[in-house]
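A short worksheet on the structure shown next.
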Amino acid sequence: MATAAQGPLSLLWGWLWSERFWLPENVSWADLEGPADGYGYPRGRHILSVFPLAAGIFFVRLLFERFIAKPCALCIGIEDSGPYQAQPNAILEKVFISITKYPDKKRLEGLSKQLDWNVRKIQCWFRHRRNQDKPPTLTKFCESMWRFTFYLCIFCYGIRFLWSSPWFWDIRQCWHNYPFQPLSSGLYHYYIMELAFYWSLMFSQFTDIKRKDFLIMFVHHLVTIGLISFSYINNMVRVGTLIMCLHDVSDFLLEAAKLANYAKYQRLCDTLFVIFSAVFMVTRLGIYPFWILNTTLFESWEIIGPYASWWLLNGLLLTLQLLHVIWSYLIARIALKALIRGKVSKDDRSDVESSSEEEDVTTCTKSPCDSSSSNGANRVNGHMGGSYWAEE
């Protein structure tokens, strides 16, 4: 029975690590056991070290947000308070939780008769209640400051490492003598740190502020983790370092623009957004397809030829390019709105509520509906926070 149980597992294990899938023709795992010096060649078991490192990165993030990001936010005037709290009302709360967060005209009129409130005041209550669930600016600032710090540090490390790497200056070096390209210490740490960070993002996105592009980001993290893992196991790490560095250069600029927006430094935010947009378009729609995809699809075919995992890796790279196109469209929409409004006010991929609703709430708090009702209900007063940036 034990043998029977082991049989399917052995077949599954053999299929997962099939040399026909992972490696070019006439190359076996045994060929990649050496050399003895340095880190040798990439091995699948190296990936296991990523998970404790990802947990460590998440723990460092908690400390960073608590003891560095939060004091910085308070120092520049970001308040440690959430949005206005809607006045308690059991009937409206039950409707909000159980029935709808956006009552139609008929329901509003029914609630108006039931509570002896005018319709405008009930609309105000629902708007306040929806915004009550929004995260405070302080939380968003801390999250962005952590990502900005990591992306900036890893980009500086990556560009310093690549500057002395021959494939940075001649991309065809990514495929010369492939797959017999031993790992250096710098390359190993660069790869493992990036992979651990994206694993930490994969788990933390379920506890972070929820964005409208949650599903897109989930796919992005899956594709990124898949790309880094696959390229490491089959030793396409040279081209992998170029891809990671290319993405990090615009990521930290986006986070910097969001930080300026949260801090209400509008002119700085606009400037950083313009720089980010230019860098994003050049790197994601220019350098990535015409330099990276060109070498993975055509130059690698010419030098080493296609094999099973080659097809999968290029499929993931093309999926990533599709995401680049989607994000470029969203960035273009923001830029168009910025030209019309005269400033960058909100990312189309931002939190659940829209900017138009925020404006309605601000108007609501200034309208006569804030006065007490005839049955002696407490006065509705408060304010709405300013515009806020989104998560990439």
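Positions of Cβ are set from backbone N, Cα and C atoms, glycine also.
Going by Swiss-Prot, these are the annotated features:
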COMPBIAS  362-378  compositional bias 'Polar residues'
REGION    75-136  region 'Homeobox-like'
TOPO_DOM  1-46  topological domain 'Lumenal'
TOPO_DOM  332-392  topological domain 'Cytoplasmic'
TRANSMEM  47-67  transmembrane segment
TRANSMEM  148-168  transmembrane segment
TRANSMEM  183-203  transmembrane segment
TRANSMEM  214-234  transmembrane segment
TRANSMEM  272-292  transmembrane segment
TRANSMEM  311-331  transmembrane segment
Maximum Cβ pairs under 8 Å to the transmembrane segment (214-234) - stretch from the list 47-67, 183-203, 272-292, 311-331:
311-331
Could you tell me whether the transmembrane segment (272-292) and the transmembrane segment (47-67) have 3+ CB pairs under 8 A, leaving out pairs under 6 positions apart?
no
Averaging the pLDDT values of the topological domain 'Lumenal' (1-46) gives 72
So what's near the transmembrane segment (272-292) in sequence-distant terms, Cβ-Cβ under 8 Å and 6+ beyond its ends?
171, 239, 242-243, 246-247, 249-250, 253-254, 256-257, 260, 317, 321, 324-325, 327-328, 331, 334-335, 338, 344
Per DSSP, how many helix, strand and coil residues does the region 'Homeobox-like' (75-136) have?
36 helix, 0 strand, 26 coil
Apart from its near flanks, which chain residues at least 6 from the ends of the transmembrane segment (311-331) lie with a Cβ under 8 angstroms of it?
216, 219-220, 223-224, 226-227, 230-231, 234, 236, 243, 277, 280-281, 284-285, 288-289, 292-293, 296-297, 347-349, 392
Could you pull out which residues elsewhere in the chain have a CB under 8 Å from any CB of the transmembrane segment (148-168), counting only those six or more residues past its ends?
64, 174, 186-187, 190, 193-194, 197, 238-239, 241-242, 244-245, 248-249, 251-252, 255-256, 258-259
